[in-house]
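Participant: So TrEMBL has the following annotated:
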- GLU24: active site, proton donor (ACT_SITE)
- LYS158: active site, nucleophile (ACT_SITE)
- LYS85, VAL105, SER139, ALA140, ASP141: substrate binding site (BINDING)
- ASP137: Mn(2+) binding site (BINDING)
Amino acid sequence: MIDLQFSTEVKAAKEAGGAIVALESTIITHGMPYPQNIEVAAQVEQDIRNAGATPATIAVIKGRLHVGLEPEQLSGLGQAKGVAKLSRADMAACMATGGTGATTVAATMIAAHHAGISVFATGGIGGVHKGAETSFDISADLHELAQTPVTVIAAGAKAILDLNKTLEVLETLGVPVIAFGQDRFPAFWSAQSTLDAPLRMDDSADIAKSHAMRRALGLPGGQLVANPIPTQDQIPASELAPIIAQAQADADTHNISGKGVTPYLLQRIFERTEGRSLIANIALVRNNARLGAKIAQDLQKIA
Ligand code: PSU
Ligand code: MN
């Protein structure tokens, strides 16, 4: 039996039957530079509280699985060096050996489910990388969505990925992909892409109902809610395309592979947009946190 470490506020929310929204920690350690990472993490937690739910940031610290971090734990993690990036394959090994690691979408879903949390908000999920037909680089996040019953709110998938192939794999795996309030699948830094989302919903209560309906049908797996970045914060896809192509070429030149690919591309894009990619990233994560808080409360009403 694992000994989950609940933060004070998550423990209180669980006892009171309040709505809880899980948050990942890889975005803090591998997705954004210090010190903006901890400022954003604290801000996103506050957005969830302001929207009437309780945030639960998830991480492994010295072998213990934390569901909700105290402020000093959050800032310690955001400054720590050599923190592991944990997914389904290595979370248990990190806990068994007393290590410290940040949870990706996949690992956060596993932890949230263990803790009885059904809703998780983040920036973007991992997916099928460009050139996957030769590299086979497909994020474990997609398989996690197929087997762990957590509704994940993201701004679509990052434009560093092959969005078409990502949607195809999600379809194969039976993962509902629900665009919120629009027909198109959003592309992270840009609200629109050229791809239609398989499903569209305009009301958070319908997303909660759909989550509950899947459970009632005995279907494993979660849902991906693709929530577009607010248009005033987006970077047009046409402007980003050459920057992403250059970042990808740099990654190939430097033989970046495995877990290193996503953090490397994000860092290169941050440099080449002079930080604008980060500003957009912050806006979309906050937007997702607010929607997550609504869905978690809608789900609580059904339960
Ligand atoms: N979204 C961001 N920044 C990130 C990530 C997502 O804005 O750093 C992380 C998430 O934790 C996601 C992971 O699960 O990247 C995917 O990594 P990979 O492609 O190696 O599976
Ligand atoms: Mn990968």
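Including glycine, each Cβ sits where the backbone N, Cα and C put it.
I'd like these features described in context: how deep, what's nearby, how far apart.
Facilitator: A 10 Å cutoff on Cβ-Cβ distances gives GLU24 (active site, proton donor) a total of 30 other Cβ atoms nearby, all chains included. DSSP classifies GLU24 (active site, proton donor) as coil under the three-state reduction.
Long-range C-beta contacts of LYS158 (active site, nucleophile), restricted to its own chain and to partners at least six residues apart, with a cutoff below 8 Å, comprise GLY124, GLY127, ALA187, PHE188, TRP189, THR262, LEU265, LEU266.
Annotation note: LYS85 (substrate binding site) sits in a strand segment as assigned by DSSP. Counting every protein chain shown, 21 other Cβ atoms lie within 10 Å of the Cβ of LYS85 (substrate binding site).
Over all protein chains present, the Cβ of ASP137 (Mn(2+) binding site) has 18 other Cβ atoms lying within 10 Å. In three-state terms derived from DSSP, ASP137 (Mn(2+) binding site) belongs to neither a helical nor a strand segment and is classed as coil.
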Participant: Using the Cβ center of LYS85, VAL105, SER139, ALA140, ASP141 as the substrate site position, which other residues in that chain lie within 8 Å, going by their Cβ?
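Facilitator: My list of surrounding residues reads SER87, ARG88, THR104, ALA106, ALA107, ILE125, GLY126, GLU144.
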Participant: List, in residue order, those binding-site residues out of LYS85, ASP137, SER139 with a Cβ under 6 Å from any atom belonging to ligand 1.
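Facilitator: Among the binding-site residues listed, those whose Cβ sits under 6 Å from ligand 1 are SER139.
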Participant: Rank the binding-site residues VAL105, SER139, ALA140, ASP141 by the number of other Cβ atoms within 10 Å of each Cβ, and give the residue at the low end.
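Facilitator: Each of the binding-site residues VAL105, SER139, ALA140, ASP141 was scored; lowest Cβ tally within 10 Å is ALA140.
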Participant: Using Cα-Cα distances with a 10 Å cut-off, which of the binding-site residues ASP137, ALA140, ASP141 are near GLU24 (active site, proton donor)?
Facilitator: none
Participant: With the Cβ atom as the reference point and anything under 6 Å counting, tell me which of the binding-site residues (VAL105, ASP137, SER139, ASP141) are near ligand 2.
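Facilitator: Listed by sequence, the hits are ASP137, SER139.
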Participant: Would you give the longest CA-CA distance, in whole angstrom, between residues of LYS85, VAL105, SER139, ALA140, ASP141, the set recorded as binding substrate?
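Facilitator: Taking every pair among LYS85, VAL105, SER139, ALA140, ASP141, the longest Cα gap is 13 Å.
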